[in-house]
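TrEMBL lists Glu126 with the feature active site, proton donor. Taken from TrEMBL, the feature [4Fe-4S] cluster binding site covers Cys12, Cys96, Cys194. Annotation comment: TrEMBL describes His41, His74, His124, Ser222, Ser223, Asn224, Ser266 as dimethylallyl diphosphate binding site. The (2E)-4-hydroxy-3-methylbut-2-enyl diphosphate binding site annotation in TrEMBL covers His41, His74, His124, Thr164, Ser222, Ser223, Asn224, Ser266. Per TrEMBL, isopentenyl diphosphate binding site is recorded for His41, His74, His124, Ser222, Ser223, Asn224, Ser266.
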Amino acid sequence: MEVFLAQPRGFCAGVVRAIEIVERALEKYGPPVYVRHEIVHNKYVVESLKKKGAVFVEDLSEVPPKAVTVFSAHGVARSVEEEAAARDLPVLNATCPLVTKVHNQGKRYISKGRALILIGHAGHPEVEGTMGQVPGPVLLVQSVEDVAELTLPVDTPVAYITQTTLSVDDTRDIIGALQAKFTDIQGPDIRDICYATQNRQSAVRDLSKLVDVILVVGAANSSNSNRLREIGTEVGVASYLIADGNELNPDWLKDAKAVGITAGASAPEVLVDDVIEALRRIGPVSVSVLPGREENIEFRLPAELTVG
Ligand code: 2E4
Ligand code: SF4
């Protein structure tokens, strides 16, 4: 069986930074370090950090007084920041800088008096964070159908922002529907969707041309990983989202000569290796990495973790 690995795949700069913030906080302050929400959506990452002394909570009420607290890469609402400040908790903010950029764009549009539309998935922590960061009402749209249902007068000055991990194609359609509906609309170009999301989506498209089956390594609650699986399915290749090699079902590979593997932005490369090992237990495999786009983006750590 031939195995092709998509390029790029796996960790993005925001995930590398978020995990490093927790690791450095553990080194600098000693365990326990509290993390609000999974630092990134991956069980393996979370369990590894738990072993080093990180404690994961969903609500700040679970954090004891004075405990070092990290906000996850997905960002938080202002109410969460305010609660941490009111309790005087020492906070390290691991929100990806590209998520923060969206928050800032949203705040700018609201300050200019525009009605704000967020394109994103209801209930996702990044969406909850973004909606809770902008000082004003936010209309959430998830589909072209949702745009048709917006009841704002069409000449209302509006602006849109997006979740960072959306399908580039679906988002282009939703933006198109918004632009067709509203006469005074502003928002970022589609190319402003996070670089890592775009690169992984175009890499899985390239991969799909060569393979009979696509395995996406990533967690079920990872938005960007789900989008990669969807793209595979949309172009007609049987595609499965799996956490690791244990979830590989040999039946999927019965007629497959070539298998493609990619990984979501929150999935570590050891899990890709684990899937390749699981394939080897089924039969001999030869692995090649596709040529793809090189990424050399790095984000700076918070200052308190780089000095002393
Ligand atoms: C923050 C923003 O948002 P998603 O569910 O894809 O998060 P995940 O933790 O899987 O990936 C990292 C990440 C975090 C991506 N964008
Ligand atoms: Fe940041 Fe993009 Fe990675 Fe999300 S996928 S953490 S926005 S770099």
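Every residue, even glycine, has its Cβ placed from backbone N, Cα and C.
TrEMBL feature annotations superimposed on the structure.
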residue : record                                 : Cβ contacts under 8 Å, 6 or more apart
Cys12   : [4Fe-4S] cluster binding site          : Cys194, Tyr195, Ala196, Arg200, Ala265, Glu295, Ile297
His41   : dimethylallyl diphosphate binding site : Gly218, Ala219, Asn221, Ser222, Ser223, Ser225, Gly264, Ser266
His124  : dimethylallyl diphosphate binding site : His74, Gln163, Ser223
Glu126  : active site, proton donor              : His74, Gly75, Val99, Gly120, Gln163, Thr164, Thr165, Ser223
Asn224  : dimethylallyl diphosphate binding site : Thr165, Ala196, Thr197, Arg200, Gly218, Gly264, Ala265, Ser266
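On its own chain, Cys96 ([4Fe-4S] cluster binding site) has Gly14, Val15, Arg17, Ala18, Ala73, His74, Gly75, Thr164, Cys194, Phe299 as residues at least 6 apart in sequence with a Cβ closer than 8 Å to its own Cβ.
For ligand 2, the neighbouring binding-site residues among Cys12, His74, Cys96, Thr164, Cys194 are Cys12, Cys96, Thr164, Cys194, by Cβ distance under 6 Å.
One residue stands out among the binding-site residues Thr164, Ser222, Ser223, Ser266 for having the most other Cβ atoms within 10 Å of its Cβ: Ser266. In the vicinity of ligand 1, defined as a Cβ distance under 6 Å, the following of the binding-site residues Cys12, Cys96, Ser223, Asn224, Ser266 are placed: Cys96, Ser223, Asn224, Ser266. Listed in chain order, the residues near the dimethylallyl diphosphate site other than His41, His74, His124, Ser222, Ser223, Asn224, Ser266 are Val40, Pro125, Glu126, Thr165, Ala219, Asn221, Ser225, Gly264, Ala265, each with its Cβ within 8 Å of the site Cβ centroid.
The [4Fe-4S] cluster site, placed at the center of the C-beta atoms of Cys12, Cys96, Cys194, has further neighbours from the same chain whose C-beta lies within 8 angstroms: Ala13, Gly14, Val15, Ala73, Leu98, Val99, Thr164, Thr165, Tyr195, Ala196, Thr197, Ala265.
Comparing Cβ neighbour counts within 10 Å across the binding-site residues His74, Cys194, the minimum falls on Cys194. According to its DSSP assignment, His41 (dimethylallyl diphosphate binding site) is coil.
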